[in-house]
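**Q** Got a structure for you, questions after.
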Amino acid sequence: MSASPGLTAAAAGPDHLQARRDEKVIDSEKDALAHDAHAVNSGIPYPTATAPNVGAPTVPISVGRVSSAAEGKISRSSIAASSDTLRNSPLEKPISNAFSKSHPYKKSKFDFLKSRKKKEEEERKNKEKEKEASVLPPVSFFALFRFAAPLEIIAMVLGLVLAVAAGSCQPLMTLIFGRLTTSFTNYAVIANQISQGGLTPETSAALQAAKDDLKTQSGHNALYLMAIGIGMFLATWLYMFIWNVTGELNSKRIRERYLAAVLRQEIAYFDDLGAGEVATRIQTDCHLVQEGTSEKVALVFQYAGTFVCGFVLAFVRSPRLAGALVSILPVIMLCGGIMMTAMAKYGTAALDHIAKAGSLAEEVIGSIRTVQAFGKEKILGDKFADHIEQSKIVGRKGSIFEGFGLSIMFFVIYAAYALAFFYGGILVSNGQADSGIVINVFMSILIGSFSMAMLAPELAAVTKARGAAAKLFATIDRVPAIDSASEEGFKPDGLRGEISFENVKFHYPSRPSIPILKGFTTTFEAGKTFALVGASGSGKSTVVSLIERFYDPVSGVVKLDGRDIRSLNLNWLRQQIGLVSQEPTLFGTTVRGNVEHGLIGSRYENASLEEKFELVKKACVDANAHNFIMKLPQGYDTMVGERGMLLSGGQKQRVAIARAIVSDPRILLLDEATSALDTQSEGIVQDALDKASRGRTTITIAHRLSTIRDADRIYVMGGGEVLEQGSHNDLLANENGPYAQLVNNQKLAQEAAAEALQVDDDIEDPDDAVFIGGSSPMQEKDKQLHRAVTGRSLASIAMDDIQAKRAEEVAGEDKIPSSFGLYARLLRMNSADKFIYIIAFIAAICAGMVYPSLAILFGKALSDFEIQDPAELRHALSRSALWYFITALAAAFVIFFQSAGFSRAGWDLNGVLRKKLFTATLRHDIEWFDEERNSTGAVTSNLADQPQKVQGLFGPTLGTVVQSCATLIGGCIIGLCYGPLLALIGIACIPILVSGGYIRLKVVVLKDQRMKKLHAASAHLASEAAGAVKTVASLTREKDVRRIYSEALKAPMKLNFRTSIKSQCLFAASQGLTFCIIALVFYIGALWIIDAKYSTASFYTVLNSIVFASIQAGNVFTFVPDASKANSSAASIFRSIDNEPAINAESNEGKVLDHKHVVGHVRIEGVHFRYPTRPGVRVLRNLTIDVPAGTYVALVGPSGCGKSTTIQMLERFYDPLAGRVTLDGIDIKELNLASYRSQISLVSQEPTLYAGTIRFNILLGANKPIEEVTQDEIDAACKDANIYDFIVSLPDGFDTEVGGKGSQLSGGQKQRIAIARALIRNPKVLLLDEATSALDSQSEKVVQEALDKAAKGRTTIAIAHRLSSIQHSDRIYYFSEGRVAEHGTHQELLAKKGGYYELVQMQNLSRQ
């Protein structure tokens, strides 16, 4: 742009812009290229100075650091000398090389793609190796409870004792089995002897005595079984309740400590840790830890108690037989240890990949407007899917180990049965044992080993908890280099506020090869105001970060009042500083709450609510925020939304300023504090800041030089050093100096106004809009007619419809479809694994039939004990042992396929659900994301948590459920075949168990629904804090965040406590009733044996079948919590997937535009709009704007007047309540949305970049597939955005990682990359929402010229507070309260001397 003092009065269309630009574009580009190349690549300052007259030659200067004695005084001879030196130095080479033919980026498309793919493959392999090397080993079991209170430990120990007691009940049952077996065998022997010898009075009496004895023994043993059942009920109820409650408490403490640990870390830690990863860890990993430290631990001890008690009882009854069988234990332990170690290793690695995906998801969802504007949902979805694919691959490997481990374990267990009968037959034939002892030992081993089948999934949960806890505890135990939680450090009683830098050198830890500050030395005297100006990336914001001690210098010292700030208490230091950042962050609370955050750590922190409110109001008045706050629906108690999204940029900035000054800090740091304000607000707020600066040390970073010209000293920075310093007037005295050049670039002179154009004078009601091109008479007539009939506006009716629809959606969320429908759909969704599921289902059914098969073998073996001949007895039992061995082989085979198959399918389903849910989330319209329940934290939390819960049921757990059902059905069938009447009695009791389990399912489902919402809300708090960690740190809000988060966790804990009493009672009842059913079958069976209705073999076959069936009926409902969580999570996922947004970018409907035929004529006709989340606030009021094709139109006005909303309407983020938006005369609602948005490029006020390379971020703007974009196209876009030379100066060039949210780049660098991203798609319509707000003056000038050039041949609509950037627009619209108050060219509006004229007056730098 011209540096002339005045502005031309002619309308400045694109042709004029181009003609004006052609004069200086070559020199300007050279200036910028030289500036970036030397400031970043070489580190030597290379500012440019251009004389005021147009076309003057560019003169490079090298000033270096200037002493305070020579402030602003630089001789022209030194400039010339340094100029000659630089021209002849090798430092010119990077610039010339950037355009040489041999430049590495000047390759053919084929070579470029080939080399890029090769490099990406190498990087991927290296990252995989690094990931494998960085996988943390699982923590020990006891470490999971490191945060438990002593009373909780006592309760847990009591619970474990009760769990072991409950586990011993089943082995005790085998003791009764053994005694009854002895009685049955003796009775059978007597009955056989009598039948062979004939019935005599003596034998008849003996037979009757045997019957009476058997009947008595059966009655007593049935009572014993019922007593065991009651004991089982009480013990199970108590231990399940204790461990459920303590598990929730333990999880709560881990969540609290993890968040506390995250918030205490130094800022450099967050270069690799995104807020999404924090949310994922808190939801997924903490959920896994909770699963593995609650009732599942008690179940492991119960099943282990059953196992141990069974073996101990076996040793007591027959040491020889038990000793032979105990040989299986080492094999079981070895297999189990290997399996669990492998599962923990691969499980931890898989969770790391999922956490990375969660971090990406948080970035993407937090910038959903940018994603949808560029239509890159698929590309970012694919990147998310890549992380998930890696987790699937790792999870599949773990599945193989799990399958092998379990198959070998069960083979050993079942093979032990064969050993038991083979060796037992020898002992009985030798008279060393009787049948009762053998059966007692056999049943003890059988029940004990049977418990191992149930222990596996519970133990797997504990193993996963150990793996998940590794990463959590690593963060909790990490001692940061800069610890905000430390109480160490000196706390001075008083503070003057003098800040000094002594030879400070600094580079960011993630980019050690790029120096930021190079021996920076200066002193900021107490009570004075200082300003830092200079190019983007010159180190200005780094100075602020070092003062706040976000980082420590690599060398050198930063001092406060002569004391090294590293020796000061960190919280005390930050509490003395008020900071307003370039991109202000507000928290999801009220306006009042946000401002009160500034009182933390001050003397007002514990003041009364009334006193605090008065301080808040005073600060808001000083920050020019009070008036707009009072216009909000609830005033100071209005919720600002996530990250303050319900406020405009300027409104957020003013609230942030109020927050910074409310505590009256001694030091004030303003990093572009007024960058987002309109000129009118800026002037008022700047006056307030000037007033607030009096008596305190103030350091201001500014690109708008109008805000710092009254500073006591101004520092011009470049290349990490001070180029010159002095007061505003002193620096201007050096006409060729860097500061003078910056000022010249920002001059906005006033010329004599021509005859003022009349603004429409026929406005009677200020709330009625009078705009260019208003509604047609017919439209007005229709509106009046409709209002006459309804008494309400079209906008009000439309808003009512929206509100009703939202209420209906919320009400529908509590409805959960049938489980069968959900499960069927989940299986269909994972259809790629249908053969795996089929094989795994068949294998699980076969594994479930093993136990009924054992019942048949058991009955046959028991009848063999009635054989009196020892040799024949050994032969018969050997044959039974052989059948057991064959069954063991078959069981091992099917268990491998069951376990490995379901585990793999579970990981695959997890991946499918995560990808589909993420894709569906990105498809939602912006209105959906505006709702509080769909905040970034909540959505990211659901994305991390819900698929994990579905996998919890559809992994190995589903195999166990299928196996249990097969055992239940198979046992009933076997029982009916061998003894229908007795089996029917037992089967008739099973529905009692089932109904109890069903009631429990309902109770737990309702609990899980409510728990999900409560945990999602708390996860949002954690994600919000992690996403704004610099703001949290600067406000010393760490304790406050922890307190709020802890309060949020109390609600789910209380809910869990109440519901656990009911649900665990029902589970315990199902366990206790099993023994009562067995007692009933036992007693009735004994009576029927006495009556000769059943043989001993038939009785035991039926009994064991029913025993196994009833046990499995009870065990099926062990998985009720898993099923409940899976149900509610699956329902929620499907609701999201099935949701059809009103504005759907994936829809194929609508007219598809041909890019070649799109002209770019944009028109807004009579638009009314209110945000659905704030229906009481009118944002746009009958707005009508016409933008002819190829014109450059600017929108200006106060913050909150509707400018950004207009841009959002053009992007079709929302649909108007009334009126319409058209492109080339076609209502955009009739156009295909993806096709329409492909014609538009958006550059937002706060640029959004994603974790990845610079190349990746620029390519996100391309309309065509990424692989089809040539390097020449990328280069051209970057050159137009004045970022090319900076990129090629980096060690990795376009492949440089930008960090999460672009954290590795300065604000100006991010903005220029965002502009390159917008230009690479060659749009027909260019939307610029404060596109140059984050740029320094030099960069702004060149980028603005690039944007002017880019505007050639396309429609451009720009929002700007810096009027210097839009003064040559074809038309300028001045907004006020959602309507156009003035319109015209720059000179026409100046002539009107209205609102626009006042803005120009405020920005005029020519009046010194």
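For all residues, glycine too, the Cβ spot is worked out from N, Cα and C.
From Swiss-Prot, for reference:
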- 79-102: region 'Disordered' (REGION)
- 79-88: compositional bias 'Polar residues' (COMPBIAS)
- 147-167: transmembrane segment (TRANSMEM)
- 223-243: transmembrane segment (TRANSMEM)
- N244: N-linked glycosylation site (CARBOHYD)
- 296-316: transmembrane segment (TRANSMEM)
- 321-341: transmembrane segment (TRANSMEM)
- 408-428: transmembrane segment (TRANSMEM)
- 436-456: transmembrane segment (TRANSMEM)
- N606: N-linked glycosylation site (CARBOHYD)
- 838-858: transmembrane segment (TRANSMEM)
- 882-902: transmembrane segment (TRANSMEM)
- N934: N-linked glycosylation site (CARBOHYD)
- 952-972: transmembrane segment (TRANSMEM)
- 981-999: transmembrane segment (TRANSMEM)
- 1072-1092: transmembrane segment (TRANSMEM)
- 1099-1119: transmembrane segment (TRANSMEM)
- N1127: N-linked glycosylation site (CARBOHYD)
- 1162-1402: domain 'ABC transporter 2' (DOMAIN)
- N1182: N-linked glycosylation site (CARBOHYD)
- N1404: N-linked glycosylation site (CARBOHYD)
**Q** Among N606, N934, N1127, N1182, these being the glycosylation sites, pick the one whose CA is nearest to that of N244 (N-linked glycosylation site).
**A** N1127
**Q** For N1182 (N-linked glycosylation site), identify the closest of the glycosylation sites N606, N934, N1127, judging by Cα separation.
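**A** When the Cα distances are compared, N934 comes out closest.
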**Q** According to DSSP, does N1182 (N-linked glycosylation site) fall in a helix, a strand, or coil?
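**A** Assignment for N1182 (N-linked glycosylation site) reads strand.
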**Q** Distance between N934 (N-linked glycosylation site) and N1127 (N-linked glycosylation site) at the Cα atoms, whole Å?
**A** 20
**Q** Among the glycosylation sites listed here, N934, N1127, whose Cβ has the fewest other Cβ atoms inside 10 Å?
**A** N934
**Q** Using a Cβ cut-off under 8 Å, which residues of the same chain at least 6 positions beyond either end of the transmembrane segment (436-456) come close to it?
**A** 167, 170-171, 173-175, 177-183, 185, 299-300, 302-304, 306-311, 313-314, 317-318, 321-322, 325, 332, 406, 409-410, 413-414, 416-417, 420-421, 424-425, 427-428, 851, 854, 858, 862, 865, 899, 956, 960, 963, 1111, 1115, 1118
**Q** Compute the C-alpha separation of N606 (N-linked glycosylation site) from N1127 (N-linked glycosylation site), stating it in Å without decimals.
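**A** Answer for this pair: 46 Å between alpha carbons.
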**Q** Which one is it: of the glycosylation sites N244, N606, N1182, which Cβ has the fewest other Cβ atoms within 10 Å in this structure?
**A** N606
**Q** In the same chain, who gets a Cβ under 8 Å from the transmembrane segment (296-316) while lying at least 6 residues past its ends?
**A** 159-160, 163-168, 170-172, 174-175, 236, 239-240, 242-243, 247, 322-323, 325-326, 329, 440-441, 444-452, 454-455, 458-459, 461-462, 1118
**Q** Considering every residue in the domain 'ABC transporter 2' (1162-1402), what is the mean pLDDT value?
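**A** Averaged over the domain 'ABC transporter 2' (1162-1402), per-residue pLDDT gives 84.
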**Q** Need a quick answer: max count of Cβ pairs under 8 Å to the transmembrane segment (1072-1092), which of 147-167, 223-243, 408-428, 952-972 is it?
**A** 223-243
**Q** Same chain, outside the transmembrane segment (838-858) by at least 6, Cβ under 8 Å from its Cβ: which residues?
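**A** Distal contacts: 414, 417, 442, 446, 450, 880, 883-884, 887, 890-891, 894-898, 900-902, 905, 959-960, 962-971, 973-974, 978, 1100-1101, 1104-1105, 1108, 1112.
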**Q** In terms of DSSP three-state secondary structure, what is the assignment for N606 (N-linked glycosylation site)?
**A** coil
**Q** For the transmembrane segment (882-902), find every same-chain residue at least 6 residues outside the stretch whose CB is under 8 Å from a CB in it, and list them.
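**A** Sequence-remote neighbours of the transmembrane segment (882-902) are 399-400, 402-404, 406-408, 410-411, 413-415, 417-418, 421, 456, 836-837, 839-840, 842-844, 846-847, 850, 853-854, 857, 954-959, 962-963.
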**Q** What does DSSP call N244 (N-linked glycosylation site) in the simple three-state scheme?
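**A** It is helical.
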